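Quick look at what TrEMBL annotates:
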type	residues	note
TRANSMEM	69-91	transmembrane segment
TRANSMEM	112-134	transmembrane segment
TRANSMEM	146-169	transmembrane segment
TRANSMEM	242-259	transmembrane segment
TRANSMEM	271-289	transmembrane segment
TRANSMEM	295-314	transmembrane segment
Amino acid sequence: MKGKSSWKPAEYWDEIGGGKERRIKRMKGSENLGCTGMGYENAGSGRRANCIIYGILYGLSCVTKHFPYFHILMIGRILGGTATSILFSAFESWLVYEHNSRGFDSELLSTVFSHATLGNSLVAIGSGIVAQVFADNFGFVAPFDLSLTVLVIMCVFLVTTWTENYGDATGNVMSSMKSALISIKQDRKILCLGLIQSLFEGSMYTFVLEWTPALTPPDPPEVPAGLEVAADDEVSSTIPHGWIFANFMVAIMIGSSLFKILCKYSSPESFMRLVLFIGAISLVVPIVLPNNKEYIFAGFIVFEVCVGIFWPAMGTMRGQYVPEATLCQVQFMLNSWKSSPPPVPNEALRSQSNLALLPMKRTDFTIPAVCSALIRAAEILFCAGGGGGGEL
């Protein structure tokens, strides 16, 4: 039956999960616990093996969506967080190693990352549309089943076409992590990259949680008994998530194309300062115009364009500044800093999203304000780290 789903209403989850805010924090905390638990590259397993493990873990996470039990869903978030940590480390490390080992020009890395972001956006656009169709016809769990199928195909592709490579095949996990920590401490550029990525992606992952309520119209007022409302006067309180997501992916694709154009005239270290500033301004729109959904959506589109520029830019700079042998370990080391501020400022990757989640219960304006502040801080750090030159 169309729209059939095993999901329970929101009130049910509020009752067993302790309210919306607490439930979101628990799920997000479980995801980041998974990130810490298995983000590193085991010196004996290799990068291709970790990419296959990513597919297995995320596939299991999709399976948990069939069970309407909070704790099973939390386990799914742990598996998803673990897989996401691998996604942001092992694949890129494999690519950089193969690029260098085959003797390609190091300057071509920026082109590779730009094309990767463009291709990812094209796939994501199609995924959003297909997921919307499946959700409309088979229920909200159906897109996860489709995702599981794609993950199986990916694993088969990796097994049959990829070669294995290692960062440091002779070392053990502890020595690899020690080398990564030394790299972060000794090289200020790596530390700056970690902070910049932490601040921007922290706001980005908080945006992922908040764009739906920001764009959802308020519930229409209750109609007194005995009165009828014309069809034209009815206001829908739902939004087409799949189509909106597809629009966001188009914006990211535009950003990746702009990245290639910008690289012809400047370096990522230079133009990313302006990009981060524009990203911060775009997230001010929900604060200034909280009831204008059209302007909020336009601001979100601008932000996603900045995301499309940010990803290949950071991939290019990581390939330039982070030693290839410890790239995956450094990624994990930066990914391991959690929600409480550490004594030294090297929180990185997705960890800042925990900080942004802490004040969710205060006001509707807190989240965009925190996101904008995080990106603005990253932009200031870029300016401070790069001075007036073309490098960090």
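Note that Cβ sites are derived from N, Cα and C of the backbone, with glycine treated the same way.
Same-chain residues lying 6+ beyond the ends of the transmembrane segment (112-134) with a Cβ under 8 Å from its Cβ atoms: 95, 99, 142-143, 146, 240-246, 248-250, 252-253, 255-257, 259-260, 263, 308, 311-312, 315-316, 319. Proximity of distant same-chain residues to the transmembrane segment (295-314), defined by a Cβ-Cβ separation under 8 Å and at least 6 residues beyond the stretch ends, is recorded for 110, 113-114, 116-117, 121, 193, 196-197, 200, 204, 207, 211, 214-215, 244, 247-249, 251-259, 262, 268, 271-272, 275-276, 278-279, 282-286, 289.
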